[in-house]
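Colleague: This is the feature table in TrEMBL:
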- 12-34: transmembrane segment (TRANSMEM)
- 22-285: domain 'G-protein coupled receptors family 1 profile' (DOMAIN)
- 46-63: transmembrane segment (TRANSMEM)
- 94-115: transmembrane segment (TRANSMEM)
- 190-208: transmembrane segment (TRANSMEM)
- 229-248: transmembrane segment (TRANSMEM)
- 268-287: transmembrane segment (TRANSMEM)
Amino acid sequence: MDLPTILKAASNLLLIAVGIPGNLIVLLVFGHIGCVERKLLPADNIVFMMTFVHLLIIFNQGIPETLFSLNYRGFYSSSICKFLIFIYRTSRAMSMSMTFLLSAYQSILIAPATSRFSCLKPKLPTLILPSFVFLWLLDGATTIQGIVYTSQIRNITGLKFTLNLTYCIVEYPNEASYVGTGTMVLFRDLFFVFFMVVTSVYILFVLYRHRQQVKGIRSSEQNQNPPEMRAAKIVVTFVILFVVFFGVDNITWVYSLTQHKVPVDLNNVRVFFSSLYASVSPIVVIASNKKVNSKLQCTKTVKIPQSKTTTVYTV
């Protein structure tokens, strides 16, 4: 293998090694809380769904990319390629949708009582599931071309309007479908990213104003890191990561729309950065979510009183 192929395989292996265990941990912890304790908040449900789609991204993009880089060609038929690309693109869109939904939820939750959004607060728990269904349908509908135009890898030297995804290709029949599909995806992404930024700015504005109002009431120790500020930092961190990683993705996508044949290395950059968010986001959850941290504390000290002595058991 040449050096670019080795670097590609190594980077994909790193994303898999970080992303799969991290997302599985978050998924299992929230699944345990939901099944046993029945205490999942709407924000927890959103993070749970976001973690699930991130696993789909890694399984349907990271693993096939890595196997192909390691010269495995066992299952890349046209039907498998259609399935992998459709699930990957839908999951990528859902990752964006869940990040937007999380920021929108947080902005409504902290809105002042005088805000026009305050009337939505009691309805938030009942709106989460319909939002999931709507976003899955929307993102699936905007990525349906992945089923139509995707096929197994072959010689594409003379082909135009083709995306070489290393192990599969997406071959558009003409320039109109190529540019039209790309423009639709671009505007969908920009729509969600724009409102992510808007809600994040609103969150920071509300928290800043609230902090200024209570500055003289709270003690200096309490004012350093209030709970609402911690929640805002988590949401804003997700949005910043998304904008940075998917910004590179969309910049390369815009460039590819101006080319009849997109270099495979450019597609590799797009795929890497779109998968990077899926691998990094569980680290943010594990580092910042108190529920996840408490469940990951496997060692507990339990004191059992006895008549004369106290025995300490570590479980």
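Counting starts with 1 at the first residue shown.
Backbone N, Cα and C atoms are what each Cβ position is placed from, and that goes for glycine too.
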Colleague: Should the transmembrane segment (229-248) and the transmembrane segment (46-63) be scored as in contact, given a threshold of at least 3 Cβ pairs under 8 Å and pairs 6 or more apart?
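Modeller: Checked: the transmembrane segment (229-248) vs the transmembrane segment (46-63), no contact.
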Colleague: Give me the stretch from 46-63, 190-208, 268-287 with the greatest number of Cβ pairs under 8 Å to the transmembrane segment (94-115).
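Modeller: Result: 190-208.
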Colleague: In the same chain, who gets a Cβ under 8 Å from the transmembrane segment (46-63) while lying at least 6 residues past its ends?
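Modeller: That would be 12, 15-16, 19-20, 23-24, 26-27, 30-31, 34, 40, 84, 87-88, 91-92, 94-95, 98-99, 101-102, 105, 128, 132, 271, 274-275, 277-279, 281-282, 285, 289.
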